[in-house]
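J.: I have a structure here, written as structure tokens, and I will follow up with some questions on it.
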Amino acid sequence: MISMKRRVLLRTGAVAAVTVATGFGRAAWAEERKSIRIGYAISKTGPNAGGAGITTLPNYLLWAKDVQDAGGLELPDGSRLPLEIVEYDDRSSAEEVVRAIERLANEDKVDFILAPWGTGFNLAAAPLFDRYGYPQLAVSAVTDKAPDFVKRWKKSFWMLGGGHDYAKALAAIMADAGKAGTLNGKVAMVSVADGFGIDLVSAARPAFEEAGIEVVYDKTYPVGTSDFTPMINEAKASGADSFVAFSYPPDTFAITQQAQVADFNPKLLYLGVGTGFPVYAKNNSENATGILSLGGIDPANAANADYRKRHEAVTGIAPDYWGSVITYASLQMLQEAIRRKGLDREAVAAEIASGSFETVLGETKLEDNQLRKLWWTGQWQNGQFVGIAPGDRAGASQLVLPRQSWKKA
Amino acid sequence: MLVTAVLSGLVLGGTYALLAMGLTLQYGIARIMNLAYGELIIVAAFLSYALFTYAGISPVWALLIALPGGFVLGYAIYGLLMAPLVRRARNAASLEIDSILTTFGLLFVIQGLLLVTFGANFTSYSYLNDAVQIFGTRLAANRLLALVLAVVLGAAIYLVLTRTLWGTALRAVAVAPGSAPLVGIDVERAARMAFALGGALAAAGGVVISMYQTFTATSGVVFTMKALIIVIMGGVGNILGALSAGLLLGLAETMVATYVDPGLTLATTYGLFLAVLLWRPTGLFGRAVR
Amino acid sequence: MTPRFLLEISAFIAVIAALALLPLFASPYGITLMIGMLGYVALAIGWALFSGPTRYVSLATVAFFGIGAYTCAVFSEVLAYPLLLLVAGLIGLGVALVVGLATLRLAGVYFVIFTFGLAELIRQLVTWYEVNITGTLGRYIFLPVTPEGIYWQLLALTAAAFAMSWAISRSRLGLALKVIGEDEVVASHSGIDIARVKLGLFALSAVIMTLVGAIQAPRWTYVEPSIAFNPTVSFLTLIMALLGGANRLMGPILGAVPLFLLFEWLSANFPNHYSIILGLIFITIVFVLPNGVLDFIEKGWARRLPVAKPAEVHK
């Protein structure tokens, strides 16, 4: 027992000793630092790996390559330093996220930490980013509480909006179509019983009510459901001509397939995460046309189109149409803020909060630490997932309703 | 509505049954609690995906590759990893713990290899997603294929087990591994064959579900657990039991989703399973191979 | 009170005291590391407390761990902190008693799978309840608990769990447990109330696991069922306890500490090949250390000693 515990002490002591040594070393070299250390913890294994592997990780890799190719990160004096990346696998566990962030901040002493994937993990990490003074550019986190979080954690930035934003945009679209006589004002909706689905459905219920849309079928299904036939049959029999699913990628794919089998042709079909994945268009080709979801892009934006090309060339997979481009834009903001302010995290955070940046999204500026210029609703049109709401935003495409019936392959 | 619910339930149950039958052979006859079972399914799913996407080979042909492939893989896993454990095991309990730990390790190895090869992305393609009309209900052809395959393979294996000498030997090993050698049965060989056969069934299941279900390199555990529940409900080693329990489970989930609340389908699965365990720990249809 | 006993007691107190002083020297990451490690040590001790002597392999660890974490999240704004832990412990106890009464007659793999199903069932029910009754999923915990505070609480819990398993192994109950593990029929004939002993141990181990969850949850800020009921916790606890040797007092500690450090090292140095290496290590453990580290070490000693002695005589 004693010898064992002593070993623990020794190990921890050794860890502490290394810390002290590197700490001193760093201070001594501060004048001639050789690199800028960027660290992150991401789900490479476990249930979150699928999401992190499409929206977040490829963009981190792409950005790192872009910076390296350009000769490193530029500092205010015009000099460039190469990146040194420290990467951990959080194994889809909140406890691991917490530990990895502590490790990045205290052991590796990285200059900046990139955000983890997912709403829950960004929240788990937020107090630590705050305590150690790192700016947190949380992209893959959809939360209505962002205004509160910004007050609590001053250097946190929330860049994907909240459930209410998306629900209100959808309700507005449906109300307009109802007035125009395109839709009958009734909707059937299903939602996944997990953070994203619940957030959206609880925002959608009041939004639909306010917009005068009648919800005739409203059910929640557990994560991991693979058979949606009962729900589709119920929705088909419900009399609604709009079908909304706040779903996760496997569900989104399954609902699309099973709706075709059931010959279920709602005039408006809105599906959740996964609709904007490149594989979705590939698997459904023509049949994707007209389907609505969250996110979108401005098809006329050349910077974005170029980004999509490079993303596919460098990482081997195409980016999704929702969070991917915003993730990359968040990194460009960080890069530009470092170019303007150097490695002082306080100043960089202030610059991100107040500055205006030229990114792949176009001119990007945060309001109250949140990115508000987003596409709340998008639609598949001509092989691209384009943004349609807010309709008054520059670059918005025109909504097409009703959507075509399923075509036989 | 009821006819629709029953038919969709049976079709869903066909998938479950197909996934569970291999495990019941591996656990019931070879006596190996194979936690990496779902990973075999995923390997076959990726194989089918890769053949279809990159080489344009239809999943039906993939099935013809996967069946013998799964058999060889199962044979190799048993020979390399399991046989030494079986030989050294002092009793059933220590073999159980050893096999759980080893296959748990194997699960990680396969998962890791898949991650390195295919990445962590959601993988899916669509094949045979056509409607088939039965009694006025539209059913997906690919899911129907799973049901048909489950019934055909289940019946075939059942016949082999009950009507051939070789099958009788397998059943003898399942019922009394200690006394089987007394009548001249090579227990290790029989167990290896059962394990390999289970691997072939897992691979077949993987190919079929890849046509309609999204999977990732790490989603094998989900299939293992579902299969395990069905195996226990149907009675360990009982191939017709697995078939019936799978169909029953699909039916129950669809009924609950249609008439109660889709939110409770998984709770129903586990609730039903726990109830069966408490009420009849040997499964609804008894333990031994019938 | 033999001298040996006194020595052991004082050694135990000294170690705990030394560990309690650690936050004064360690870096914040050191504390974080220790929190994670102590969490798993406590879980493994709790697991071995029940599963070691009874040989019931339980995968319900995360059911109780998650109940603790969730209770903490649900009541964090209503109850004072110490009361929070008490309530969590009581809920864990209640669930354990109900479940224990119903299931402890299951044996072998049926119990294994039942306990896994139990964890999933509780997760599904919590999800369904949150979605349909409270209308939210995911709860925020904003408690002013420092990492040091969490560390000390976990240390106290671990020490208490260790002391309990020590006391049990030295008591008449410990003897009874040995008999149960070896042969239940003999045990029941010799007048041991097997059912009650098993139930008591199951409940005790469940309370320890629940408390670990309740103590650790404030570190996550945000709790939702998929975070609280992560099945990996059950699997890792099982592996750690089995690696060390679930029947030994020191077994769970000797399993949890090296494995935890190994995981940490792997995830930092081989983020892309973590799974493969981890899997190979598991397989190696089964083939090389079939009865746990402690057994291996003891056997190693036993083999070496008789050789060493004659050699000395010859000199």
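For all residues, glycine too, the Cβ spot is worked out from N, Cα and C.
TrEMBL does not curate its annotations; it predicts them automatically.
Pulled the feature table from TrEMBL, pasting it below:
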TRANSMEM  B:6-25  transmembrane segment
TRANSMEM  B:37-57  transmembrane segment
TRANSMEM  B:63-86  transmembrane segment
TRANSMEM  B:98-120  transmembrane segment
TRANSMEM  B:140-161  transmembrane segment
TRANSMEM  B:194-215  transmembrane segment
TRANSMEM  B:227-251  transmembrane segment
TRANSMEM  B:263-280  transmembrane segment
J.: Are there residues at least six beyond either end of the transmembrane segment (B:63-86) with Cβ under 8 Å to its Cβ atoms? List them, or say none.
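T.: Contacts with the transmembrane segment (B:63-86): 26, 30-32, 36, 40, 43-44, 47-48, 51, 95, 98-99, 102-103, 106, 188, 191-192, 195-204, 206-208.
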J.: Who are the long-range neighbours of the transmembrane segment (B:6-25) in its own chain, taking Cβ under 8 Å and residues 6 or more past its ends?
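T.: Distant Cβ neighbours of the transmembrane segment (B:6-25) are 34, 37, 40-41, 134-135, 137, 139-140, 143-144, 146-151, 153-154, 157, 194-195, 197-202, 204-205, 208-209, 223-224, 226-228, 230-231, 234, 236-239, 241-255.
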J.: Kindly say whether the transmembrane segment (B:140-161) and the transmembrane segment (B:227-251) touch, using the definition of 3 or more Cβ pairs under 8 Å where each pair is 6 or more positions apart.
T.: yes
J.: Quick test of the contact rule: Cβ under 8 Å, at least six residues beyond the ends. What residues does that give for the transmembrane segment (B:98-120)?
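T.: Hits for the transmembrane segment (B:98-120): 31-40, 42-43, 46, 77, 81-82, 85, 89, 216-218, 220-221, 224.
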J.: Could you tell me what the rest of the chain brings near the transmembrane segment (B:37-57), counting residues at least six beyond its ends with Cβ under 8 Å?
T.: 19, 22-23, 26, 63, 65-66, 69-70, 73-74, 103, 106-107, 110-111, 114, 117-118, 123, 125, 127, 198-199, 202-207, 209-211, 215, 217, 219-225, 227
